[in-house]
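Features reported for this protein in Swiss-Prot:
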- Lys30, 76-77, 106-107, Lys110, His112, 132-140: 5-phospho-alpha-D-ribose 1-diphosphate binding site (BINDING)
- Phe38, Phe39, Thr136, Arg164: orotate binding site (BINDING)
Amino acid sequence: MPTALEDYQKNFLELAIESKALRFGEFTLKSGRVSPYFFNLGLFNTGKLLSNLATAYAIAIIQSELKFDVIFGPAYKGIPLASIVCVKLAEIGGSKFQDVKYAFNRKEAKDHGEGGNIVGAALKDQKILIIDDVMTAGTAINEAFEIIAKEEGKVVGSIIALDRQEVVNTEDTEVLSATQSVSKRYDIPVLSIVNLSNIISYLDGRISVEEREKMEQYRQTYGASA
């Protein structure tokens, strides 16, 4: 029996569909897989959409009860996410989130002015939450870990908007999704606003039987074990 979606998750999915950030059809992914859905968080590109997106991230973070000092957004997509979610946490998260800081990396290190590779809060001796849109192969978070380790920070978790719950090719004998692989490799929780199971549950009755069957078939073919 699927877990009932919370209001913030329903709102997120509704806006994702309205903005066409979440689309259905036939899409060839970088992996070569043909997916019945495609997710592009970049289409959350208005003040209203960004505010609602930040609320969804913030509620997921608050409910996790994860303790951290800095939200780190890997360049480029993670940069606006880190800043808007930092603001939203201060607005709705109560006193313990008032002093949460944010930071992001430059793609090219700056050799003048303040210099360095990090913009925003210093990462040294800080507990870091990495924020991003999706996690496909885990490449971006691996790079983020290297950057944060170089700055002597400690990653305590990661959060993404959508967990596709798809298997990836790993060196492990286990068949794991990207989020499961990262969680196991770094021993951290990987949070998400929604996952593929949530999408399928939400769409029940909202799409045709044929479209739902394609979603279910895709999950059966590429889905990782819970």
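Every residue gets a Cβ built from N, Cα and C, even glycine.
All features noted in Swiss-Prot, drawn onto the structure.
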{"residue": "Lys30", "record": "5-phospho-alpha-D-ribose 1-diphosphate binding site", "contacts (Cβ under 8 Å, 6+ apart)": "Thr136"}
{"residue": "Phe39", "record": "orotate binding site", "contacts (Cβ under 8 Å, 6+ apart)": "Ala16, Ala21, Leu22, Arg23, Asp133, Val134, Ala161, Leu162, Arg164"}
{"residue": "Lys77", "record": "5-phospho-alpha-D-ribose 1-diphosphate binding site", "contacts (Cβ under 8 Å, 6+ apart)": "Leu41, Gly42, Asp132, Asp133"}
{"residue": "Lys107", "record": "5-phospho-alpha-D-ribose 1-diphosphate binding site", "contacts (Cβ under 8 Å, 6+ apart)": "Ala75, Tyr76"}
{"residue": "Met135", "record": "5-phospho-alpha-D-ribose 1-diphosphate binding site", "contacts (Cβ under 8 Å, 6+ apart)": "Ile141, Ser158, Ile160, Asp163, Arg164, Ala178, Thr179, Val182, Val190"}
{"residue": "Ala137", "record": "5-phospho-alpha-D-ribose 1-diphosphate binding site", "contacts (Cβ under 8 Å, 6+ apart)": "Ser31, Val168, Ala178"}
{"residue": "Thr139", "record": "5-phospho-alpha-D-ribose 1-diphosphate binding site", "contacts (Cβ under 8 Å, 6+ apart)": "none"}
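Sitting within 8 Å of the Cβ centre of Phe38, Phe39, Thr136, Arg164, and not among those site residues for orotate, are the Cβ atoms of Leu29, Ser35, Tyr37, Val134, Leu162. Overall, the recorded orotate-binding residues Phe38, Phe39, Thr136, Arg164 cover a maximum inter-Cα distance of 12 Å.
Within 10 Å of the C-beta of Arg164 (orotate binding site) there are 26 other C-beta atoms, taking all protein chains into account. In the three-state DSSP scheme, Thr136 (orotate binding site) falls into the coil class.
Mapped onto three states, the DSSP output places Arg164 (orotate binding site) in coil. Under DSSP, Lys30 (5-phospho-alpha-D-ribose 1-diphosphate binding site) is assigned to coil, being neither helix nor strand in the three-state scheme. The binding-site residues under consideration are Phe38, Asp133. Their Cβ neighbour counts within 10 Å are lowest for Phe38.
When secondary structure is read from DSSP and collapsed to three states, Phe38 (orotate binding site) falls in the strand class.
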